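Annotated domain 'Nitrile hydratase alpha/Thiocyanate hydrolase gamma' per TrEMBL: A:10-194, in sequence order. The Fe(3+) binding site annotation in TrEMBL covers A:Cys104, A:Cys107, A:Ser108, A:Cys109.
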Amino acid sequence: MSGDHSSAAIAERVRHVEALLEERGLLDDGEIDRRIDEFLAGGSPANGARITAHAWVDADFRERLLADANAAIRELGLSMAGGLQEQRLKVVANTASEHHVVVCTLCSCYPIALLGPSPAWYKSEAYRSRVVRDPRGVLREFGLELPADTRITVWDASAESRYMVVPRRPEGTEGMSEAELAGLVTRKGLIGTAAV
Amino acid sequence: MSRINDVGGMIGFPDIVEEPDEPAFHADWEAHVLALNAALIRRGVYNLDEFRDAIERMPPASYLSASYYEKWFTAITTLLAEKGVATPEELAGA
């Protein structure tokens, strides 16, 4: 993509606007690179995985997490305040009878601090439009076939509110350490488009 | 009244496509657009709600044909012009 004609044209326009803003004192030398680095260092699915594993092994933490996620993740040294504004976080947990999945129908709201940069499919009109109409069908396309009697709840994120899913702890993991458990958790599991 | 970004429940969009090993950005300019927006909001040139609004009021045909970060760049240049930072001609390099 970076080599095609339209991408080259917009890259040139972006460079032009950057130069204009530097000239007008609205952009410091080196600021763009610094902010890109900050963004990329600002979040990772490893954070969401760590929260999940801790909730699996500590029932009291799980309860606090579901009641007030912003406060609970601070116990693990994490925060939703790293972006442009502090975001309210609600964490929902899958059970044998209920599955949760997250979307932002209006655009792309997402807990970047806990999941890292969002995948393109999450931001696509295709996902945003369909997951609220036919969540079961969309999850099936992602390879997640849920029993017909599993209730599915779709959470629509907004400018002020972000959501994260705690997947179900897989069976046969009783002997695993918390770090090993965290290693099982994927970004899609934390969005709700995978089992774990 | 809803605007074109309010796509929840609409039908007719193409299939959901998952990209294996997807990078955070597909081209350098996308990362630059993200950083540029953060810089302008931090400086108070505009705020986050104004930025969202500028994306959401794009003409529907433009909104639907633009990529994610193309929408962002459109919103940035719209707001820079509206806030009087630069004229549309200056922003376009004319």
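Cβ atoms here come from the backbone N, Cα and C positions, even for glycine.
Whatever TrEMBL says is automated annotation, not expert-curated.
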Binding-site residues in contact range of chain B, given that the Cβ distance is under 8 Å, out of A:Cys104, A:Cys107, A:Ser108, A:Cys109: A:Cys107, A:Ser108
Chain-internal residues near A:Cys104 (Fe(3+) binding site), provided their CB is under 8 angstroms and they sit 6+ positions away: A:Tyr110, A:Tyr122, A:Lys123, A:Arg128, A:Asp156, A:Ala157, A:Ser158
Residue among the binding-site residues A:Cys107, A:Cys109 whose Cβ has the most other Cβ atoms within 10 Å: A:Cys109
Intrachain C-beta neighbours of A:Ser108 (Fe(3+) binding site), sequence separation six or more, cut-off 8 angstroms: A:Ser118, A:Tyr122, A:Lys123
Non-site residues, in chain order, whose CB comes within 8 A of the mean position of the CB atoms of A:Cys104, A:Cys107, A:Ser108, A:Cys109 at Fe(3+): A:Leu106, A:Tyr110, A:Lys123, A:Arg128, A:Ala157
PLDDT averaged over the residues of the domain 'Nitrile hydratase alpha/Thiocyanate hydrolase gamma' (A:10-194): 96
